[in-house]
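Below is one structure, written out as structure tokens, with a few remarks after it.
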Ligand SMILES: NCCC[C@H](NC(=O)CCC(=O)O)C(=O)O
Ligand SMILES: NC(=O)OP(=O)(O)O
């Protein structure tokens, strides 16, 4: 694997999930190719889970880690080729990516969508420029359109908790006070479409995800109908793709409550976190035995560890 920014970088989803399960059973048993290698983690946006689980993953592999909040502590990066740099940006991404590559064997980058420039966001303008100038493999720590480390952890979690071979998995939009990126739901859809689960996306009219990622999933604009007989309910807010960046905080009847969960087949509840309690999901659901959110967060370590192994040429 050269980089890890999308499911498209993965040869076999089944083999990757299998390796993640093996790593989880024996987290310190896979150091041979990774010991003393260096992971750099670059954050242009906040993070709790991705930051700590990626560090933990690297420690389990005997690696060293360097973390930088580039948005706060770095120079402001110029992105344009041929720019005359006589304004506020002090360093070009060309030098920055090449220099960081001198210190690291793998680089993780977190860079969220602008939600104002759809074309740049969906072209992954920043991440692709960074990859172009980096000299080592790059891992997405959530980019403008995708969050593959989260999706790998999510598939591992579903595999661990499914009671039937082909569970019904419902990705449901939920309300939120702020417009959020489509990265988590796009990525979840991309990965679940590659499984043989029965996959349904529930969202209000005007909030359909990009076809590129929603693919052949069944899209239902009535949440109650979608939740019927679900085995897993994956809640997430996202802002509109069509009316780019528009949100709908007033749609409070989309909150996942115990009443909504009663429509399901005693479904498990999933969310990538951080979650706004009693807006996205009620306390009652989040605090119930049905909730898998902490296990999803735990699985982020094994997801990152698996991807580091693949990038550093571990052979299954
Ligand atoms: N990495 C997990 C999700 C990150 C981000 N959520 C957020 O920004 C939540 C912020 C808030 O609740 O205000 C998102 O939806 O893509
Ligand atoms: N789920 C997730 O990526 O969390 P953080 O944004 O805290 O890293």
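Cβ from N, Cα, C; glycine included.
Features of the protein shown, as given by TrEMBL:
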- 2-160: domain 'Aspartate/ornithine carbamoyltransferase carbamoyl-P binding' (DOMAIN)
- 47, 48, 49, 50, 75, 110, 147, 148, 149, 150, 272, 273, 300: carbamoyl phosphate binding site (BINDING)
- 142, 176, 236, 276: N(2)-succinyl-L-ornithine binding site (BINDING)
- 184-309: domain 'Aspartate/ornithine carbamoyltransferase Asp/Orn-binding' (DOMAIN)
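With respect to their backbone Cα atoms, residue 236 (N(2)-succinyl-L-ornithine binding site) and residue 272 (carbamoyl phosphate binding site) stand 8 Å from each other. When the binding-site residues 47, 49, 149, 236, 272, 300 are checked against ligand 2, 47, 49, 272 have a Cβ within less than 6 Å of one of its atoms. Of all the binding-site residues in the list 142, 176, 276, the shortest Cα-Cα distance to residue 300 (carbamoyl phosphate binding site) is found for 142. Here residue 49 (carbamoyl phosphate binding site) is positioned 16 angstrom away from residue 276 (N(2)-succinyl-L-ornithine binding site), judged by their C-alpha atoms. Sorting the domain 'Aspartate/ornithine carbamoyltransferase Asp/Orn-binding' (184-309) by DSSP state (H, G, I as helix; E, B as strand; all else coil) yields 46 helix, 20 strand, 60 coil. Residue 47 (carbamoyl phosphate binding site) is 10 Å away from residue 142 (N(2)-succinyl-L-ornithine binding site) when you measure Cα to Cα.
Per-residue pLDDT, averaged over the domain 'Aspartate/ornithine carbamoyltransferase carbamoyl-P binding' (2-160), rounds to 98. Residues 142, 272, taken from the binding-site residues 75, 142, 272, are distinguished by a CB atom under 6 angstroms from ligand 1. In sequence order, 4, 50, 54, 139, 140, 141, 142, 300, 303, 304, 307 constitute the residues six or more apart from residue 149 (carbamoyl phosphate binding site) in its chain with CB-CB distances below 8 Å.
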